[in-house]
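**Student:** For reference, the structure I am asking about is given below.
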Amino acid sequence: MRMKRIGTIGVAGAGILGVLALTGCAADTKASGGGDDKVVLAEPSWVGATANAAVVKKLLEDELDVKVEAKQMDEPVAFDALNSGKADAILEDWHGVPKKEKLYVEKKKTVVSGGDLGVVGHIGWFVPKYWADKHPDAVKDFKKLNKYYKDFRTSESGKLGHFIGAAPSYSQHDKELIKNFDMKFKHIPSGAEAAQLKELKRLYDAKKPFLTYWWEPQWMNEKIDMVEVKLPKHTPGCEVPASKAKCGYETNQLEKFLNADFAKSNSKAAQFIKNFHWSTEDQNEVAGMIAGEKMDPEDAAAKWIKENKSKWEKWIPKK
Amino acid sequence: MSSPTLTKDETTQSSPPSSGSSGPRTTPEAPSALARFAANPKALALVVAALVVIVSGLVSGDGTWPHSLTADVKSPLNDLDNWLVDNRDTHWIFLYFLLHLSNTAQVCYDTLLSLLESMSYVGVIVVGTLIAWAAGGADLSRRALRTGGTALAVFVVCGVLDVWEPTMETLALMIVAVVFSALLGGLLGLASGLSDRCEKILRPVFDTMQVMPAFAYLLPLILMFDIGVPSALIATVIYAAPPMARLTSLGLRQADPTALEAATSLGADARQRLLTARLPLARKQMMLGLNQTIMMCLSMVVLASLIGAGGLGSEVYEALGALKIGDALVAGIAVVLLAVLLDRTTAAAGERLDDVATSGISRTVERLRLAVWGGIVVLIGVFAAVGTAIAGNEWPEGWVVDFSNSVDTAVDWFTDHLGSGIPVLGGTITWAQGFTEYVLNPLRDGLLATPWWGLALLVAVIGWIVGTWRAALTGVICLALIGWMRLWDVAMDTLSQVLAGLFLTIIVGVLVGILCARVQRVDRIMRPVLDTMQTMPQFVYLIPVIALVGQNRTGGILAAVIYAAPAVIRITAQGLRTVDPAAMEASTSLGATGKQQLFGVQLPLARKSMLVALNQGVVLVLSMVVIAGLIGGGALGYMVVQGLSKGDLSQGFPAGIAIVCLGIMLDRLSQPVGKRVRD
């Protein structure tokens, strides 16, 4: 009796699965029929990238009638996705994964550059303005920080000053700099960008001194006022190998990368993405709306698009 | 200062079994504590080992693993990495095996998702509610109505919170993941339940699957399967299959021998016995396993999004990048609700099967149920065909409520005031600093100062006391492996955090557990809180934790305690509640006060469950090491995270293995022989 019942349930289950599969396939063919030219954007987890993706998505969908999906993935993962074609483009790359960049762009030629984004990225060591005003000498020469390391001590860093390091996926050689220049600081990495942002916000609100790896463009820069500490000038290749690095960071022209096939197709979407080029201020405006004013990315993009028609008209490919 | 803290901690862990030799009820009027102590060789050995550790630690001051006993594990891993990248488009193992695997996974997911989408929200709600109702019995009984009602509420709330689309993506992924995990787990469980040899081989495999941080194997999976749904699915299955397997095997092994005997005497062969007696008898355990598997699948949602699976996990992660706690919380709530939905539905189905097994079923009811299922299938077809036509593709825009901004404000206010605004007591930030300075730093310095052989000796002695020489050997081998991979110092940093986290978890867990067991009302209030704490993706509370205690190791530990305490609370409360009522009655009639009853009767009698609680605490705290790495825990956790995000196999993988080693070591040290209970 019981066996029979289990049997009927089994048959019923198989039946359901079968129907699922059939209807699914039917739905599948429908979807792929209209979705041939869907563009997949790799969107790293920082807000600037969200701003890029939101504006590009909105314009592509409204002006060129191209379907866009923004998939959230960090740089290293994004390069794999560009290589395999699971993503068509990344709009903002900080050259944080040189190994993969070399492999896919130069060796396998599955990923191609899409030109500069226009936004200039800059990484450096920063202190809050309220501290910098009191100690202008340390801002001009990073070695003078050693004089004040006691200001930066925390329970984490013990006897040394606390250096707030970058999130794991970011380009960095601070640990080596601290070692090579005998700085009296302990490099304590942030686990994630969000964690670092929150920690800085907390310290800033409490008016505590801190020394951190920081960069622009960054939407938080509108909310907290920081001053850069001068590091030795960057010369090409000076940070390779990292263990011998004795220089600051390169000022980075953020670059777009495209899947090679997508770029070759030269579709309208591909042309548009190659044309897409805006300034740090523009990006910060949109990012600030998203993160600072907590607007929905789509609404923020719509607002910017409405106000800056002259800027984006150039991106639309000519017929 | 440092080493005593450590040894004290270790002694408390091992004291129950060592006092066990002198009878379960140690009476205070025993002859002389010293005499008893001297007569106990194991306790003596422990003290000697502890002394060796303290003295050697003080003398040497630097106890790192000798460099000559290490090996370079990085180069071969780098080679493997390069090989995978170079060959994955051409080698036969990818073309003819792995590619099929990943395509199957992708097709299953795509099919299900497009089905859900084509049914539109109306179809999903109707069919989902009907399925839940049918699972609960498809009648007017309370169970069926309640299950259906839960499903309806879950779907509607997800829609109202404006996360309908990602919820569907996650639901599709989860259904596929649960089905695959249950199948794989069931098969492995069958193997290890029926054959002792399989059991022996598979047990360490299950241990590794569960303790190995998913972050560590995400990277090799990406290398093999590329980013996207297949990798995410496989990672989820690896993580979620073990409980199903373990409980299936347990159920098969526990089957009543008389029932089997009866089946044999009726002339059933091995296969018939399995199908008619053993599997049905193991049904309860298997349902429990399925339930655990579902929970574990859902806990992987955010991680899955890190490698391109999308869905609610992406929402959580993206919201965090902009510090929008409210948005992250909304997506987190949807994850919890999905867990509730799947949990209640499977639980109801299990209960119903139980009822059928015990009281039978009439033909009409059976026909009716079959008809309902048939109706559901037809409805799916109908909605798939015309769903979007009736109701459109998306959840209507007007029907949403947005409270994420008010959540942000509330959380900010709360953390600001708790963080440093409390008069006299200072606030959480000050406490966290104190904790780091007076507990964590000394503990870490102590572990680092202790020579490796001293620590190995201590581990061996504790292992020997708690378990057998086997446990001792395993512990020492684990330590050696860590040293061999050149991760000794980092691992000691992690170990100090794990021990401190464990200590807090046990204190909080046992105290709240006692409260829950003794005060009904606390129990009722705590139950939903515990459910939420266990299923809410940990990423959601990482930011508030930083606001409360700052980005440091204490933050990581706090997150671990939040995650691990519920299990300890539950097991403790359960253990206390199930203490033999006769013993309680007896103590009451002898005039024992509530306090005496608790310490004299309940706690000693519940010792076994307390040990299970300790063991669960170890496993869960350890599973948070990586998450703690995300908010300043550093050490091994950070290495794993960086390994994944930089795509560096040679960094992430060994660190993951080191975490497994720590896990197995602590597990063996906290698990007396013959009392292995997991899940």
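The backbone N, Cα and C atoms fix where each Cβ goes, glycine too.
For B:1-31, the entry in TrEMBL reads region 'Disordered'. Among the features that TrEMBL reports, compositional bias 'Low complexity' is placed at B:14-24. According to TrEMBL, the feature transmembrane segment maps to B:43-61, B:91-109, B:121-138, B:144-164, B:214-241, B:319-342, B:370-391, B:447-466, B:471-488, B:494-517, B:617-640, B:652-669 (among others). What TrEMBL records for B:167-346, B:491-670 is domain 'ABC transmembrane type-1'.
Just tell me what is around each of these and how deep it sits.
**Tutor:** Sequence-distant neighbours of the transmembrane segment (B:91-109) (same chain, 6+ residues past either end, Cβ-Cβ under 8 Å): 172-173, 176, 180, 224-226, 228-231, 233-234.
A Cβ distance under 8 Å defines the sequence-distant neighbours of the transmembrane segment (B:144-164), meaning residues of its chain 6+ beyond its ends; these are 121, 124-125, 128-138, 312, 315, 330-331, 333-334, 337-338, 340-341, 344-345, 348, 394-395, 399-402.
Counting residues 6+ beyond its ends, the transmembrane segment (B:214-241) has Cβ neighbours under 8 Å at 81, 84-85, 88, 94, 98, 101-103, 105-106, 109-110, 173, 176-178, 180-182, 184-185, 188, 293-294, 296-297, 299-300, 303-309, 626, 640-641, 643-644, 647-649, 652-653, 655-657, 659 in the same chain.
Here the transmembrane segment (B:471-488) has Cβ contacts under 8 Å with residues 64-67, 69-73, 452, 455-456, 459-464, 636, 654-655, 657-658, 661-662, 664-665, 668-669, 671, 673 of the same chain, all six or more residues outside its ends.
Beyond the transmembrane segment (B:494-517), the same-chain residues lying 6 or more positions past its ends with a Cβ under 8 Å from any Cβ of the stretch are 6, 9, 435, 439-440, 443-444, 446-447, 523, 526, 553, 556-557, 560-561, 564-565, 567-577, 598, 602, 610, 613-614, 617-618, 620-622, 624-625, 628, 633, 635-637, 658-659, 662, 666.
Sequence-distant contacts of the transmembrane segment (B:617-640) (same chain, at least 6 residues past either end, Cβ-Cβ under 8 Å): 210-211, 213-216, 487, 490-491, 493-494, 497-498, 501-502, 505-506, 509, 538-539, 542, 545-546, 550-553, 555-557, 559-561, 563-564, 567-568, 651-652, 655-656, 658-659, 662-663, 666-667, 670, 678.
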